[in-house]
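Over in Swiss-Prot, the protein carries these features:
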BINDING   Cys39, His41, Cys63, Cys72  Zn(2+) 1 binding site
BINDING   Cys124, Cys127, His139, His142  Zn(2+) 2 binding site
BINDING   Gln171, Tyr172, Leu173, Phe174, Arg201, Asp223, Asn241, Met242, Asp274  S-adenosyl-L-methionine binding site
BINDING   Cys378, Cys381, His391, Cys398  Zn(2+) 3 binding site
BINDING   Cys392, Cys395, His408, Cys415  Zn(2+) 4 binding site
BINDING   Cys409, Cys412, His422, Cys429  Zn(2+) 5 binding site
BINDING   Cys423, Cys426, His434, Cys436  Zn(2+) 6 binding site
DOMAIN    393-445  domain 'DHHC'
REGION    335-355  region 'Regulatory loop'
ZN_FING   39-81  zinc finger
ZN_FING   441-458  zinc finger
Amino acid sequence: MAAPMDCLESLEGDGDAGRRASGVEVALPSNPTAPAPLCPHGPTLLFVKVNQGKEETRKFYACSACRDRKDCNFFQWEDEKLSEARLAAREIHNQKCQPPLSRAQCIERYLSFIQLPLAQRKFCQSCQQLLLPADWREHGTHQLSADISVAQLGRPSQLLYPLENKKTHAQYLFADRSCQFLAGLLATLGFSRVLCVGAPRLHEQIRLTASGERSGMRSLLLDIDFRYSQFYLEGSFCRYNMFNHHFFDGKAALEVCKEFLQEEEGKGVIMVTDPPFGGLVEPLAITFKKLIAMWKEGQSQDDSHKELPIFWIFPYFFESRICQFFPSFCMLDYQVDYDNHALYKHGKTGRKQSPVRIFTNVPPNKIILPSEEGYRFCSLCQRYVSRENQHCVHCNSCTSKDGRKWSHCFLCKKCVKPSWIHCNTCNRCALPDHSCLGPKDGCFICGALDHKRSNCPNIGTSWRANKLVEFFGFLEKRLLMSSFLGAIYRSTKLSEDSEFFRVLNRSSHHYV
């Protein structure tokens, strides 16, 4: 999954996305024992408006997956009391928004479909559905594809049209070049199982590769797109919302994921995730830590110090935010391309190149990047870098993030982009036509003009973030209701400041 380039360019300076651009943050509930209300996409997240570091007094619940209320119009004030009639109507609405076929029905239909002769295997492009003979009359006027082969069934991402709504799915799929590289790299690194979170095309590539002689890897796809339910059996796909750790098919699906992660005491498995870039980093980090905790449950005591290997695929300018929550992660120079997005394809120079990178806790010296695509090994950094990424003797690192050769600024004491110059007014490097310090510049948290939000001393550090996760882990052991536990995690504000617990006790009076 990915997001449109026009959004990415505007986000590069901030290092966060989606609601944050409009001054909205994920918040902790005033009452930690209250479960989050449900929308069609599972438990909602709690948000609060922030203006120059000051939180509005009234928080609200909104959908975790959809950033546009046209796609999911759920809205509820945190302190709002709903009547039984409204709660009942909401439950009915949530049920109506679910897919027309259950997971069990999809599996039953799939098993029947593959038994049909080739001439009777049809796919409705209009409804995005595999058709059985009994369905033909109902879909007679629709656009159909006939003679669906076994090979086509193995590549559903090529049968299904991408969900390209920018603010909801932003479903851009790995290009074959990147997909084959990732699958080959995972095999070279010796992994036998891959948990693909929001990476359907990699899931397909691994399954196709496993059917040959090259690799015996297995894959489990977790994805919010219900259309994949009709192409996979129980052990290959779970419908899942990565922003709130919600399994749409309940405990049975959760157990599938748990068994997959804990097989062989958790050895030989890696998680590869490709979240929508418009999503907030904090909820994703909380979800991934829950998957890590699930994996750790299956480990022996001798392996308790080990980390679940992860490939998190995201734009390079989210580096500081990701490393805040996962300090052991590093960013690789490899540029990940997307098939159905012209600006995410491999280019020959600088800004034509994809901004998408791999963040991982796998040691970078173990990861070989293809020399034929312009990568070389830096003996000083002990990792592969892009050809233009030159080693800086002052920084003692290959510093480029975007594929261009960066220049060292002695005043800033770091390397900067070649298009930037040092501004004496701002005392930092920036684009030549930037606006100097003013009301629109500075920190979104504390209002100071000498730094951005991502570098604010008041924002939670990785230590604080991990401590907060531990706090919610403690609550998880105390509480038994899984949906309630998910609400606790999903309503977490990781960037708490020194006033954190006092903010929780503030009374809510008005909303501006």
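Each residue, glycine too, has its Cβ placed from N, Cα and C.
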For Cys378 (Zn(2+) 3 binding site), the one of Cys72, His139, Asn241 that lies nearest, given that the binding-site residues are compared by Cα
Asn241
Is any of the binding-site residues Cys124, Arg201, Asn241, His391, His408 within 10 Å of His41 (Zn(2+) 1 binding site) (Cα-Cα), and if so, which, in sequence order?
Asn241
Nearest to Asn241 (S-adenosyl-L-methionine binding site) by C-alpha distance, among the binding-site residues Cys39, Cys381, Cys412, is Cys39
Here the binding-site residues are Cys63, Cys395, Cys423, and the Cα closest to that of Cys124 (Zn(2+) 2 binding site) is found at Cys63
For the zinc finger (39-81), how many residues does DSSP put in helix, in strand and in coil?
0 helix, 18 strand, 25 coil
Integer Å value for the Cα distance linking Asp274 (S-adenosyl-L-methionine binding site) with Cys39 (Zn(2+) 1 binding site) is 23
Return the residue, from the listed binding-site residues Cys63, Cys72, Cys412, Cys429, with the maximum count of other C-beta atoms within 10 angstroms of its C-beta.
Cys63
Between the Cα atoms of Leu173 (S-adenosyl-L-methionine binding site) and His408 (Zn(2+) 4 binding site), find the distance and write it as a whole number of Å.
36
Which value does the mean pLDDT take for the zinc finger (39-81) in this predicted structure?
89
Please work out which residue of Cys124, Cys395, Cys415, Cys436 has the most C-beta neighbours within 10 angstroms of its C-beta, and give that one of the binding-site residues.
Cys415
Cys392, Cys409, Cys412, Cys423, Cys429 filtered to the binding-site residues whose C-alpha is within 10 Å of Cys398 (Zn(2+) 3 binding site):
Cys392
What does DSSP assign Cys409 (Zn(2+) 5 binding site), in three states?
strand
